[in-house]
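K.L.:
Here you go, one structure.
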């Protein structure tokens, strides 16, 4: 029975350190976060079969892991009239009517801005 007490105390001591690796809210305008958003949208456009490009409509959630450069983002994307390899997709008009698809995506991106290296750890998207 008493052998459980040191184990419990050890778990209590580790609790804050374990929780520190959870995602926490951050601002949507930070430079590293913005670069990760750009990378995630580029990756989405490159790996989806549609030849039209999607662009960012708004950021629904912006978070990062404490003490790391791993970012979690929920993005709302809209289908444009531009092709995915066109220049300046951000200024491209959205498609109207039944072709005007929108998707909600969640991306987890690990960044190494010093090396300009980004890695997509996970992504899920759902058409709305």
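Glycine too: its Cβ is placed from the backbone N, Cα and C atoms.
As listed in Swiss-Prot for this protein:
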- 1-20: signal peptide (SIGNAL)
- 82-92: disulfide bond (DISULFID)
- 104: N-linked glycosylation site (CARBOHYD)
- 105-125: disulfide bond (DISULFID)
K.L.:
Return only the integer: C-alpha distance in Å from residue 105 (disulfide bond) to residue 82 (disulfide bond).
P.N.:
20
K.L.:
In sequence order, what residues of the same chain, 6+ apart, have a Cβ less than 8 Å from the Cβ of residue 104 (N-linked glycosylation site)?
P.N.:
60, 74, 75, 76, 77, 125, 126, 128
K.L.:
Can you tell which of 105, 125 has the most other C-beta atoms within 10 Å, given these are the disulfide-bonded residues?
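P.N.:
Counting every other Cβ within 10 Å of each candidate, the maximum falls on 105.
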K.L.:
Can you count the other CB atoms that lie within 10 A of the CB of residue 92 (disulfide bond)?
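P.N.:
Other Cβ atoms within 10 Å of residue 92 (disulfide bond): 19.
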K.L.:
I'd like the Cβ neighbour count for residue 82 (disulfide bond), meaning other Cβ atoms within 10 Å of its Cβ, all protein chains included.
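P.N.:
I count 21 other Cβ atoms within 10 Å of it.
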